[in-house]
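As given in Swiss-Prot:
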COMPBIAS  1-14  compositional bias 'Basic residues'
COMPBIAS  20-30  compositional bias 'Acidic residues'
REGION    1-39  region 'Disordered'
REPEAT    89-124  repeat 'Pumilio 1'
REPEAT    125-160  repeat 'Pumilio 2'
REPEAT    185-227  repeat 'Pumilio 3'
REPEAT    248-284  repeat 'Pumilio 4'
REPEAT    302-337  repeat 'Pumilio 5'
REPEAT    338-373  repeat 'Pumilio 6'
REPEAT    477-515  repeat 'Pumilio 7'
REPEAT    516-553  repeat 'Pumilio 8'
Amino acid sequence: MARKRRQRGKRHSSKKTEDVDVSEDEFEQTEEPKLGQINKYTKEPIQPFLGVLTPEEEKYFREIEETLVSHNTRDNEDTRYLVDSIFAEVSGKELQVLNNVFGSKVLEKVFTLASSQQIKNFFGALNGSYLQITQTTFGSFVLEKLLSHMGRIIDMEEKGGALDEEEGSEFVATAESLIMYMCNELRPEISALLDHKLAAHVLEKLLLLLNGQRSVQEGESKAKYVSISVPSSFKEYAYSIVESAAENLEATELRAYSVNKYASRVIQAFVRIEFERRARSKKNKATPFSDKLLLSKEYDWKELPFVETLLKDETGSRVLEVLVERMPASDLTRLENVFEGRYYRLCVHPIANFVMQKFIKRANALTVERMLNELKDSSESLVRKSFLSVLKTLLETCNEKNFHQNHLFRLIISAAKERHPKQNLFVALLRSKHKKDKNSTDGKRVLVNNFIAVQLVEEMLRVPIELSSELIESLLELEPESIVEYATETASSHIIEQILGMSDLKMAHRRRLLNAFDGHFAEIAVTAPGSHIVDKCWFATQDLPLYRSRIVAELAEAGDEVKFDFYGKKVWANWKVELYRRAADQWYRWSKEDKSEKPIMKRVRSLPPLENTFARKRTMEPSEDLGASKKTRMTAFFGTI
């Protein structure tokens, strides 16, 4: 069969479209994605659509983001004018702005410069859209920051502080009512938000805010929670959510949420809220949520696999940490039975060791004694890198509660000597090494110490001086150049500073340490860690005026090298080196004014008052023997010799 002949040109094109009537039923109906719905391609939750900014609006917020870098306080009138103009631009399109990458950054910055009224106005404009915002990437971040600022406003309202309200403002709702609007909107969907990748973070912040804890972040550091004053209705509402979760969720569901990467954060908040309510209440001491999760007496923890899961799961261990911090003492005994016989294995486990640290902080003397007896068998491994954190916490607990300090200190010393028999004790404990300096072009090697080991040594110096003297002696056995190197290293300098500041430090040790620095004070003073060391030497030389004179003379001789250095100039000012160079006699007088009391005077003044003795009263009558000789008066005062 012959094919139809093809003709060229637009008039005869086969791609010519024809008008076809299509009914509305044939179109695919696009629905709003359901909460928790997963994209089958990206495997991520589908985010609701909140609108987009026009290219001109996006360009505006990109430029504003760069402008806000130079504005750090609201005290400037230009800053206030800029903030007002930003909120005027945002008004009416809040959802589109907070869901934009540039707009969200601008909002996070401008919240720190905004007035309380502006923040409340913005928060109120989101009413009815909180559920959608919590499910978006940028919107959830903005909402977290916004909750932190709302917490500050609530705290001020509760304490009766003056808010920076604006004149002519029409919005009169309190921060309390605004937060409750948000809670009422999210409450029906909490079960779906619990393990949502984005919403779980917002839910955690909201629950802790209701419980009186506000998230605060300074710079790039990790956010921390501070206590604030909140209405009593907030805490009752927070507990009602926890109570509802305990009633409606099965134990298996709670445990599954505990090891979920996102839901675990909310479970931790639930536990905190429940135990804090238990601490406040005088009658109701029940903890139904925690009991269903783990603490019920019906559960045999030795036979319960969930306990092992919580101990060694990266996510679940955080829930167990919160439980260990707050559980009753009777439950700690149950936990001790689980740990007995395997303290060392759990303490060196990369995840379980964090739970063990929380447990040790609450342990009593008998529990610590059992632990130490078990650790004796692994004494050589006590100073392993993986065990240092637990060892530091254990010694810290012994120092705070004043038990087993001698036992543990000797155990650490013997373990270090056994593991490194030919190495100096101080060097062995700090795990000191020399590594190539990445910032140096000549291949210079610098001292590097283990940070946790430094913290352990600091804790070891807080034991009675009779014990810590052995550690100080090992430091002083090093060459002066090595001691100077430790004094200028970021981590180990804290140890040297602590030793110099010890009030009960032996005079011989103090002199030897100061002698090690002789000739290096100027070199030490121009480093960031060393400048603190030289300042602490002022305290260490209170009873050693000759040493103090030698130090200031060495700093004065270095001159501009110290005076105009960023760190050295602070030492120069604290030691008043300029006064020493200009008028040495005045400097000596000023130095003597700071001299501490002599030990003998301290002992005399600390003596108890004399009892059953008659104090001599000064008589107003003239003495009969005004011409008594000096010898007679001295004999009368001191007695017959």
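Every residue, even glycine, has its Cβ placed from backbone N, Cα and C.
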(message) Counting only residues 6 or more past its boundaries, what in the same chain has a CB within less than 8 Å of a CB in the repeat 'Pumilio 4' (248-284)?
(response) 191, 194-197, 200-201, 203-204, 207-208, 210-211, 235, 238-239, 241-242, 290, 292-293, 306, 309-310, 313, 315-316, 318-319, 322-323, 326-327
(request) Work out, from DSSP, the number of helix, strand and coil residues along the repeat 'Pumilio 5' (302-337). (result) 28 helix, 0 strand, 8 coil
(request) Mind checking which residues of the chain, 6+ beyond the ends of the repeat 'Pumilio 6' (338-373), have their Cβ under 8 Å from one of its Cβ atoms? (result) 301-302, 307, 310-314, 317, 320-321, 324-325, 332, 381, 384, 386-387, 389-390, 393-394, 397-398, 401, 403-404, 407-408, 411
